[in-house]
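Peer 1: This is the feature table in TrEMBL:
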- A:73-264: domain 'ABC transmembrane type-1' (DOMAIN)
- A:12-33: transmembrane segment (TRANSMEM)
- A:72-96: transmembrane segment (TRANSMEM)
- A:108-130: transmembrane segment (TRANSMEM)
- A:142-162: transmembrane segment (TRANSMEM)
- A:183-205: transmembrane segment (TRANSMEM)
- A:211-233: transmembrane segment (TRANSMEM)
- A:245-264: transmembrane segment (TRANSMEM)
């Protein structure tokens with residue numbers, strides 16, 4: 001409770017928040033209910049579909065059998081993990097160098113990182129696509145992972161976090177026998193743990209949900225990630241037009257992320273606050 | 001254990017247009033405790049960082065035990081550094097902080113890995129030896145009960161002991177300490193000062209200690225090197241430094257806490273005129289220059305008003321300081337002096353008393369305005 005705030009203004013602010021929450025939650029609620037309802041009864045004119053057991057079995061059965069949904073999710077999992085690990089492996093030393101090492105050209109590199117933050121992924125799509133095509137990497141994990149492994153956002157976030165780290169500790173480490181790389185891994189990484197956790201959440205959410213890039217580089221259904229798989233399901237195969245099964249697929253694909261979010265909620269919110277500084 | 005001597009040869013350092021250090025030469029004997037003393041910003045910490053290899057000198061050389069260190073990486077210089085801010089690794093326990101220099105030096109990167117490392121041959125034995133030495137060090141510094149804690153859960157004094165432990169554990173040949181006591185409260189500072197003196201006596205490691213506190217320097221050091229504005233002004237044992245400061249800056253810096261100063265014209269006929277009295281300061285003889293007469297409060301005494309040769313003064317304020325008292329007096333000429341007398345005697349004095357001030361000419365100094373004092377030959381009496 002915030003001191004000095006009158007109870008009437010608290011009621012108003014809570015009313016606004018509750019309204020917002022209902023608007024946010026409603027599509028998810030509808031998705032879950034529709035995934036449990038037989039196809040023919042979903043659009044029966046009521047606000048929320050009415051679930052039935054056989055509708056649920058039907059929809060989830062279709063979602064899992066009509067397309068290799070588990071394969072899509074496994075692909076998505078591998079891709080997200082590979083992207084995250086490589087992003088951190090690159091961004092931690094880069095952020096450390098930009099924050100704490102003095103070398104010629106550092107200010108220009110930092111400006112380059114900031115400029116990189118301003119470029120949306122759609123702009124370099126065609127050159128990256130051509131590069132991947134020419135190296136024969138289309139329709140592979142590499143095509144899904146490699147374009148993302150340098151995250152300027154991560155470099156900048158870690159750099160901001162490292163700048164405030166006391167220089168004397170780094171000097172002490174150098175005297176204690178740490179190399180610059182072992183300083184980055186053994187001292188900076190643990191110190192930046194909150195930033196790493198919140199970046200991980202951002203990265204995993206973004207790449208699990210990403211539809212754009214997989215659509216550009218993947219045509220082989222075996223390589224599809226979860227989001228692309230759902231889109232594929234909607235348009236092709238026997239799932240086309242089957243809204244109930246589509247929603248069942250949606251629930252299955254969303255579930256890992258939602259449970260991950262609930263698990264990490266505290267870190268996630270701290271990460272949002274951190275990003276503002 | 002073995003200690004190394006340290007030779008600092010003509011070290012110079014510039015930051016932009018500012019000369020931070022100019023032509024510093026210093027020889028430190030093996031096992032010696034030398035303090036770099038000076039006001040903040042005088043370059044003493046920069047000199048320490050140059051010795052450690054954390055900063056590169058623009059000119060000059062550092063040698064330890066005859067070996068040139070200029071091209072040697074900090075970690076290979078066989079010296080340990082204690083920082084003012086303690087500089088502990090915030091995410092490691094006290095035990096791991098102390099163990100860090102051993103782990104980084106004695107285990108390969110593979111052996112440092114948590115699970116695989118334990119399976120490698122030889123690693124277990126080396127890890128046990130590291131633990132053994134961490135235990136010894138923590139015992140010496142009374143940190144045994146705190147080994148599992150993080151630095152954030154420690155008090156300033158405990159953190160300082162951990163920082164000392166981390167420096168001591170690998171038995172370096174040279175200790176460098178950068179104002180390690182500055183962040184402690186007064187009582188703890190004096191206690192830790194004693195600890196450092198005790199450890200130095202036990203380990204006999206060559207130590208360079210940086211401070212701006214002259215009492216600390218005097219209490220700990222074999223010799224004190226006084227630095228002003230990037231120049232080494234004087235290197236001497238604490239007692240000699242107090243008795244024979246080479247210039248006015250040094251004399252002022254070692255004041256405890258007061259120094260009497262009086263600008264005087266060139267001495268005529270072997271004596272300085274102060275008001276109506278003439279006193280003979282041997283230093284001033286023959287210099288023929290104007291300068292400053294300076295003497296410590298304990299080298300002035302208060303006598304009767306009409307004492308022969310005494311300067312007539314009036315008491316303005318009395319500060320009691322334990323067994324002694326500082327008596328502030330105004331001379332007729334407008335100058336102010338402080339005399340240090342026993343508290344017993346000061347009890348009979350009142351503000352406004354008219355007295356005579358006499359200066360112990362043997363112990364007063366004359367600093368010519370063009371720089372350093374000539375070291376007088378004090379064997380012959382005047």
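The backbone N, Cα and C atoms fix where each Cβ goes, glycine too.
What's the neighbourhood like for each of these?
Peer 2: The list of residues near the transmembrane segment (A:12-33) in space but at least 6 beyond its ends in sequence, with Cβ under 8 angstroms from a Cβ of it, reads 48-51, 247, 250-251, 254.
Sequence-distant contacts of the transmembrane segment (A:72-96) (same chain, at least 6 residues past either end, Cβ-Cβ under 8 Å): 141, 144-145, 148-151, 154-159, 161-162, 180-181, 183-185, 188-189, 192, 196, 199-200, 203-204, 207-208, 223-230, 252-253, 256.
Within the same chain, residues 75, 79, 82-83, 86-88, 90-92, 94-96, 98-100, 110, 113-114, 116-117, 121, 128, 132, 188, 191-192, 195-196, 199, 202-203, 207, 213-214, 217-218, 223, 225, 274-275, 277 sit at least 6 positions outside the transmembrane segment (A:142-162) and bring their C-beta atoms closer than 8 Å to a C-beta of that stretch.
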Peer 1: How about the transmembrane segment (A:108-130) and the transmembrane segment (A:211-233): at least 3 CB pairs under 8 Å, pairs 6 or more apart in sequence, or not?
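Peer 2: Contact criterion met.
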Peer 1: For the transmembrane segment (A:245-264), what are the same-chain contacts with Cβ under 8 Å, counting residues 6+ beyond its ends?
Peer 2: 28, 31-32, 34-35, 39, 56, 58-60, 62-64, 66-67, 69, 72-73, 76-77, 197, 201, 204-205, 208-209, 226-227, 229-230, 233-234, 239
